[in-house]
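Heads up: the structure comes next, in structure tokens.
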Amino acid sequence: MSKNGHNNPAFINDVTDKPPKKYSLELSEKGEKYVAALKDADADYNPYENRQVEHPTTNSETLFHLLKGSLGTGILAMPNAFKNAGYITGSVGTIIIGLICTYCIHQLVKAEYELCRRKKIPSMNYPAVAETAMLEGPTLFQKCSPFIGHLVNTFLLIYQLGTCCVYVVFVSSNIKSVADYYLETPVDVRLCMLIILLPLILINWVRNLKYLAPFSTLANAITMVSFGIICYYIFREPVTTEGKDDFAPLNGFPLFFGTVLFALEAIGVILPLENEMKTPKHFGGSCGVLNVAMALIVFLYVGMGLFGYLYYGHEIEGSITLNLPSQDVLAQCVKGMLAFAIFITHGLACYVAIDITWNDYVAQKLGPQRKKVFWEYAVRTALVLVTFLLAVAIPNLELFISLFGALCLSALGLAFPALIQISTHWYTTKGIAKAWLLSSNSVLIVVGLLGLVIGTYTSLAEIFATFSND
């Protein structure tokens, strides 16, 4: 990845070293002197003007990449999420969660800019922002700074591996759905997983993403066409609210919350995309790239969730593709095309997990040696096997999506950005501004922690119940 990309260990270390003397703890504890020193130090530095990106992206390209990062298996699970919440709660809840997520992303991007300005560096990635921010916060946060970057990396790693698990289950379930129509005996979904295991390992052995780029473009085109065909099936007959829940029982809301977070959040790509822009100041703002993208994403997700649930009702599956009529050739084509598209996307999603595991940890431990390439392939294979074994153990699409959404994105998308915002402005705000900083972000941290604990517990309870019944 580029130097502004998701992970570059040397870069993380550069930006998270102990602050220079003018940012020393003694000075930071003196409040006003600290603020004055900051103004003195970074008044003339603009991170945007100092970024050197080899191939900068335009606003429209960044918008497309952001939409691409958010539109995948998550949107196909939205009707099932609405089943857990009800069509009124689901519609309102998705919009509210979308607004909160957008606000938190804005806070993260603003914190990155402010910290880059103070440290006089052009850009940072997520773990580096978290570690640098903690160094700017109160004494307790400063003591936690050496660990926060690893914690963020851990959540990012779990999320990416979880996404890959979802992809394995999705591809196998859709292959099974098509195969069952033509075979006399239903195929075990785990057999389908075993069939695609070797191709999954091989596609993740590709070390340079440029070789996957043409397939990724094809996968994006297939996804758009497939969404159009799914809409045709939903709207070919009038939808009705009869027999559908407007407000579902409260015990299903944590599953809804986790699924929507999984679907909406693309937190892992936010800073890399913003860092690679030709005009990064256009990423934020009221009509910036982020707001336009999130508005479109929330609109599409509410539409798919609402009308998908109203059409199929309580019979909706973990992915709406599994509800398409199996006897229709067009529906079979959609399932096959999306299975192929998501299969290709597995290589891209797992690339982030490989990058974190190999570059940030394993490669540093090994040091220079002849067999380094062999061990890299071993790590790549091991990570694919982890996602495969988890999928085989619990091949339940909707519960996997809810689990990893609640477990990882409650922290990455809500709690961590709020914590970063508090730390970044701890010594630069006072009075009403300080009270608002603490109160608003404390609410977000509490919501994130509640979503993490309750959502993860509910998803695990459902998984154990399903596993016990099986």
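Numbering starts at 1 and runs along the chain as it is shown here.
Here the Cβ of each residue, glycine as well, is placed from N, Cα and C on the backbone.
All TrEMBL annotations are machine predictions without curation.
Listed in TrEMBL:
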type	residues	note
DOMAIN	56-459	domain 'Amino acid transporter transmembrane'
TRANSMEM	87-109	transmembrane segment
TRANSMEM	151-175	transmembrane segment
TRANSMEM	187-206	transmembrane segment
TRANSMEM	218-235	transmembrane segment
TRANSMEM	255-273	transmembrane segment
TRANSMEM	285-309	transmembrane segment
TRANSMEM	329-354	transmembrane segment
TRANSMEM	374-394	transmembrane segment
TRANSMEM	400-422	transmembrane segment
TRANSMEM	443-467	transmembrane segment
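In this chain, the transmembrane segment (87-109) touches the transmembrane segment (285-309); three or more CB pairs sit within less than 8 A of each other, excluding pairs fewer than 6 residues apart. Beyond its flanks by at least six residues, the transmembrane segment (151-175) meets 6-7, 73, 76, 126-127, 130, 189-190, 192-193, 195-196, 200, 262, 268, 318-319, 321-322, 335-336, 338-339, 342-343, 345-346, 349-350, 352-353, 356-357, 360, 383-384, 386-388, 390-391, 395-397, 400-401, 403-404, 407-409, 411-412, 416 of its own chain at Cβ-Cβ distances under 8 Å. If you look at the transmembrane segment (187-206) against the transmembrane segment (400-422), you find fewer than three C-beta pairs under 8 angstroms, all six or more positions apart, and that falls short of contact.
Most Cβ pairs under 8 A with the transmembrane segment (329-354) among the ranges 87-109, 255-273, 374-394, 400-422, 443-467 are made by 374-394. For the transmembrane segment (255-273), the neighbouring stretch richest in Cβ pairs under 8 Å, chosen from 87-109, 218-235, 374-394, 443-467, is 87-109. Sequence-distant contacts of the transmembrane segment (218-235) (same chain, at least 6 residues past either end, Cβ-Cβ under 8 Å): 68, 71-72, 75-76, 304, 307-308, 311, 320-321, 324-325, 330-331, 333-334, 337-338, 340-342, 344-345.
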